[in-house]
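Asks: The structure is given below, and queries will be raised subsequently.
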Amino acid sequence: STMRKRKTTDSPHSSTDLSEGKEKLRLKQEVGLISGVSLIAGTMIGSGIFMSPEWVLYHMGSPASSLLIWAACGLLAMFGALSYAELGTIIKESGGEYIYILRIFGSFPAFLFAYTSVILVRPAGLAAVCLSFAEYAVAPFYPGCSSPQVVVKCTAAACILLLTIINCLNVRLATSIMNIFTAAKLLALLVIVVGGVVLLAKGQTQSFQNAFQNTTASIGAVGVAFYQGLWSYDGWNNLNYVTEELKKPEVTLPRAVMIAIPLVTCLYLLVNVSYLAAMTPTEVLSSGAVAVTWGHKVLGSWAWLISLSVALSTFGSSNGTFFSGGRVCYIAAREGHMPDILSMAHVRCLTPSPALLFTSAMSLIMIISGSFTSIVNFFSFIAWFFYGMTISGLLYLKIKKPELPRSYKVPIIIPIIVLMAAVYLVLAPIIDQPQMEILYIVLFIFSGVILYFPLVRFKCHPRFLQRVTLHLQLFLEVAPTTRDAN
């Protein structure tokens, strides 16, 4: 059948070192409903809502149309997450898009996704969020001037190293930090919302008079506005990366999605209304960081609270990105698409520490090189290409394999809408403004072909790699893991 069967054995190299009379090593199921909601909401609420509103407004041209874009982005994220929730109850394995593409379409497209995600997309996204954290964290020390790039990059690197230590030590510690920071950033957004309600009550509604005036009708501009909005919603699929670590995944996955995404969407809309109540559209467009400008206008001497909130928010978001991003690397290695060492877990901490260390190293390279901004700009292009492929896999299973057991079913119209949106978001920038960077990204994705056939298909592994793996295994105190028997 086209639905690829799970391997009944463990990873090809999980020899009998742990299996003789002992319990198999596996990651703990420690992510409950509250942690699940925190992982989704905490990763989604990063720097986007504090930075993107001015760009959505810039591309749409009017306050009312920009609010419609924010609502539409939230609806699209919700539809995407509900579609993924059904996939997560059919294929109860961690790894998100990677594992779904592998089980439905097979080894080659899954390898291309893992190769692109592990080497380029996840590290670039993590580096971007950590750099925005660093910008806000060091800004108070350089009042009235821009912060030196060396200081910003060192702070971002320190942030990544701290996240590596936290996530390698303990899953519960990582999820606890996620819960605390999610609560802190929700509180910050509530302060902005309440401030907006007070301003509206006082009659500051000038931004909402003739609210649709100057609205853009260009398809390309709407697509770019969607990209800006969707960057703020990125993270809606994060729970699917850690399915094996969820308590009762068939219940927790759909519930966490249904709580987290509507909550974030409502907050985003109210925060945007608050920005527009405090500032005219012209002031929003001329603001470098719209949340900080709002703080100066509304909170006065307490404006530093907003800068602190954005720094906390981006740190929490980078923790969520790191937590789920390391899992893609770990799962791909367990399936034989990455070096074996990355599929192992620490024997005492039970965390996928080699995969986390590799993700950390790639992110540090991105930060040091500093030339990844154009790649991050096309993050949405790659992401929606693979989202579209994954959703088409769900439609295939719904039509051809309706008998597969699933505890949650999404109406078929929802994945169809998401697939149409994915096609639009991939093609709109190419048709409207073709750029060379998109060609470079496509070439990078397909450069994986060079590695796939010798290393994965024909398994040509040099002898010295096995010795390196053994030494790393002893040094890092890690051992092969088994798949959770869901």
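Glycine is no exception: its Cβ is also placed from the backbone N, Cα and C atoms.
What TrEMBL lists as region 'Disordered' is 1-22. The feature transmembrane segment is assigned by TrEMBL to 31-52, 64-85, 97-118, 154-174, 180-201, 256-278, 298-317, 354-372, 378-397, 409-431, 437-456.
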Asks: If I count Cβ-Cβ pairs under 8 A between the transmembrane segment (354-372) and each of 31-52, 97-118, 180-201, 437-456, which range comes out on top?
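Replies: Comparing 31-52, 97-118, 180-201, 437-456 against the transmembrane segment (354-372), the winner is 97-118.
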Asks: When you look at the transmembrane segment (256-278) alongside the transmembrane segment (180-201), do they share 3+ Cβ pairs under 8 Å, ignoring any pair fewer than 6 residues apart in sequence?
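Replies: These two stretches do touch.
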Asks: With the transmembrane segment (97-118) as the reference, which stretch in 154-174, 256-278, 378-397, 409-431 has the largest tally of C-beta pairs below 8 Å?
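Replies: Out of the listed stretches, 378-397 contacts the transmembrane segment (97-118) most.
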Asks: For the transmembrane segment (256-278) and the transmembrane segment (437-456), does the number of C-beta pairs under 8 Å, pairs 6 or more apart in sequence, reach 3 or more?
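Replies: They do not touch: fewer than three Cβ pairs between the two stretches lie under 8 Å.
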Asks: What residues elsewhere in the chain lie close to the transmembrane segment (64-85), defined as a C-beta under 8 angstroms and at least 6 residues from its ends?
Replies: 40, 44, 53, 56-57, 96, 208, 211-212, 215-216, 222, 225-226, 229-230, 232-233, 236-237, 240, 253-254, 257-258, 261-262, 264-265, 268-269, 272-273, 387, 390-391, 394, 408, 410, 414-415, 417-418, 421
Asks: Are there three or more C-beta pairs under 8 angstroms joining the transmembrane segment (409-431) and the transmembrane segment (378-397), sequence spacing 6 or more?
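Replies: Yes, the transmembrane segment (378-397) contacts the transmembrane segment (409-431).
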Asks: Same chain only, please: residues at least 6 beyond the ends of the transmembrane segment (31-52) with a C-beta under 8 Å from a C-beta of the stretch. Say none if there are none.
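Replies: Beyond its ends, the transmembrane segment (31-52) has Cβ neighbours at 77, 81, 129, 132-133, 136, 171, 175, 178-179, 181-182, 185-186, 189, 228-229, 231-236, 238-239, 242, 245-247, 252-253, 255-257, 259-261, 263-264, 267-268, 271, 289-292, 306, 310, 313-314, 316-321, 323-324.
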Asks: At a C-beta cut-off of under 8 Å, are there same-chain residues at least 6 beyond the transmembrane segment (409-431) that contact it? List them, or none.
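Replies: Residues packing against the transmembrane segment (409-431) from afar: 76, 79-80, 82-83, 85-86, 219-220, 222-224, 226-227, 230, 380-381, 384-385, 387-388, 391-392, 394-395, 398, 438.
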